[in-house]
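Novice: Pulled the feature table from TrEMBL, pasting it below:
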| type | residues | note |
| --- | --- | --- |
| BINDING | A:Arg98, A:Lys138, A:143-149, A:173-176, A:Glu181, A:His204, A:255-256 | ATP binding site |
| DOMAIN | A:102-285 | domain 'ATP-grasp' |
Number of protein chains: 2
Amino acid sequence: MKIGILGGGQLARMLALAGYPLGLDFVVLEPAPDACAAPLAGHIQAAYDDPAALEQLAELVDRVTYEFESVPASAVEQLGESLPVYPPANALATARDRHHEKTLFNELGIETAPFAEVHDLAGLKQGVAQLGLPAILKTRTLGYDGKGQQLIHPGDELEAAWQAVGQVPCILEGLVNFDREVSIIAVRSVSGEMAFYPLAENVHRDGILRLSTCLHEDSHQPLAEDYARRMLEHLGYVGVLAIEFFQVGEHLLANEMAPRVHNSGHWTIEGAHTSQFENHLRAVLDLPLGSTQPLGHAAMVNLIGDLPDTKALLGLENVHLHLYGKAPRPDRKIGHVTVREASVDELQARLSNIDNVLQ
Amino acid sequence: MKIGILGGGQLARMLALAGYPLGLDFVVLEPAPDACAAPLAGHIQAAYDDPAALEQLAELVDRVTYEFESVPASAVEQLGESLPVYPPANALATARDRHHEKTLFNELGIETAPFAEVHDLAGLKQGVAQLGLPAILKTRTLGYDGKGQQLIHPGDELEAAWQAVGQVPCILEGLVNFDREVSIIAVRSVSGEMAFYPLAENVHRDGILRLSTCLHEDSHQPLAEDYARRMLEHLGYVGVLAIEFFQVGEHLLANEMAPRVHNSGHWTIEGAHTSQFENHLRAVLDLPLGSTQPLGHAAMVNLIGDLPDTKALLGLENVHLHLYGKAPRPDRKIGHVTVREASVDELQARLSNIDNVLQ
């Protein structure tokens, strides 16, 4: 069985690493010549919307998945004519546009921060009048890792913010004074089996995820699973779906969802019985899902920018290194480490050790 | 950092799977066009002793290791002129020849079954007179998975046995009435750091390993580690070394060693904090070795011959599938499964479930 992946970055790379033991082979479609999944997969080097390349991919593989949500709709449509493409197109369409996404959250009874649609400067003024400030102006499409976002404080020039995001369709979102950021990794197979990983608590800095810690029996787990189940069932979803929440007291406000394996689920490689990557593939292939139970107390620290002192990291017991084969560059995710310890205290101590190495 | 591997079978495949997360790349030298490591590595398709191919490999990679012990000495010599090759040539020379191997075991104070050198039929008769029957006639070189072995019972025609092994240099070995077969996976890095995995108990059938179970705090562990340490230090060894023993009461009789990652260590992928594959690479790269401590109670079952019902296997909780991408063929190892459970009882129950699927 051969799997095609749109995108050849670290998520495709980790899907391939999880998939070979299942007896799978992989082909990635990715325009970059030095794609980090390319050394361990077939590589069609072309644009994602190149019809000839998509045709070539469809001939080589048995089904297709993707590692990013801004996949061109035309690509999914063309591929879908000849083979299964998972997650389904409606999930992509929803996740690609923040307004559709938040509207659907609310329609399904999933709370979000208050938001308003913004088409122009007049709409932005109206949104501010409605939600108050501070608020965040976010482009409806193509934002990630804090890109395409502008925080507006009371007294700020609205026109400057509107220029800063590039005068494109946006939503304005009321700033939430949250207790924590958490995410759930959910998975649903072709035949409808579902599984949910324990919530992860996430720490971002400068809009980029730095740390995800697996939570054990968190009181918000049932609500997060309920919300994720509603979305999976509504979309007839297949594969891994990640939903990020702001936790405010007993409430979970959905911030965004990603119809793919997700950075806040990387801890599952060593920290759960079955990784999110393996379960994504099991789901897409309609195989039984693997256990999502945690193994010890786990956390994941992203390696961002420079290559760390890998010898020092590997000298720390219970630390697992995951480099992506990417050249260092400021703010670029070039790898992560997973820590798995027997107790929360040992986990916290080890995370301090890692911080010391990374400083 | 790029690693060259002589051989492109499942051991090379699992080395690559363990090495990509360390930021490594791989090139295999392997004559078979459909080598199962080839989809996830560069592939130089040539004979192991092809000087031009070896030169090409040496230009592409930073250091070389191998996945089988019958590597031509000339290949190691040629590669060793321009880059590090681990494990060292003396380990290969020892393991390639059963007589050298057993002689060295004894020289290092490591017990073995009684044995005699056999060059011809007369030598065989002399050996039988010395050791008695039953005994096993084994070719000195190129034997694996029970191939090149002939069990001789009292009353058997010695000439028939001599014909059966191909009239090549052999050793005759006294048959040991053992309690169990066990093996130790040991590892030593370039700078001399050593680590030892818990002993595995091994069950063979028709000369092929079927089941390896990780033993917890077995009373023979200190002796096995002592023996392995002697060998590692004597050889100035670098990488993973496996030694198989017959356990007879309090004694461990060394049967054979393999200067490479070993089938009886596959349980370490899920069953130990660090797999034998990752630790082999760490050793070869002179990185700190990872913890060899077990994670729960683990065992490994080989998948031999036919492709099993993978859906049924994956439906069993805590069962991890490892297919090698090889075509089914009688007596061929095409994959394995690892089981990891919280207790010995749960492990035994799960192994029964697996047996039921594989029948």
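Backbone N, Cα and C atoms are what each Cβ position is placed from, and that goes for glycine too.
Could you place these features in context, so I can see how deep they sit and what lies close by?
Specialist: According to DSSP, A:Arg98 (ATP binding site) sits within a helical segment. There are 23 other Cβ atoms within 10 Å of the Cβ belonging to A:Arg98 (ATP binding site).
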Novice: In the predicted model, what is the mean pLDDT computed over the domain 'ATP-grasp' (A:102-285)?
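Specialist: Over the domain 'ATP-grasp' (A:102-285), the predicted model scores a mean pLDDT of 95.
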Novice: Reduced to three states, what secondary structure does DSSP give A:Asn255 (ATP binding site)?
Specialist: strand
Novice: Counting across all protein chains present, how many other Cβ atoms fall within 10 Å of the Cβ of A:Asn255 (ATP binding site)?
Specialist: 21
Novice: Taking every protein chain in this structure into account, which of the binding-site residues A:Lys147, A:Glu173 has the most other Cβ atoms within 10 Å of its Cβ?
Specialist: A:Glu173
Novice: Cβ distance under 8 Å to A:Val176 (ATP binding site), same chain, sequence separation 6 or more: which residues?
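Specialist: For A:Val176 (ATP binding site), the qualifying residues are A:Ala113, A:Phe246, A:Val248, A:Leu253.
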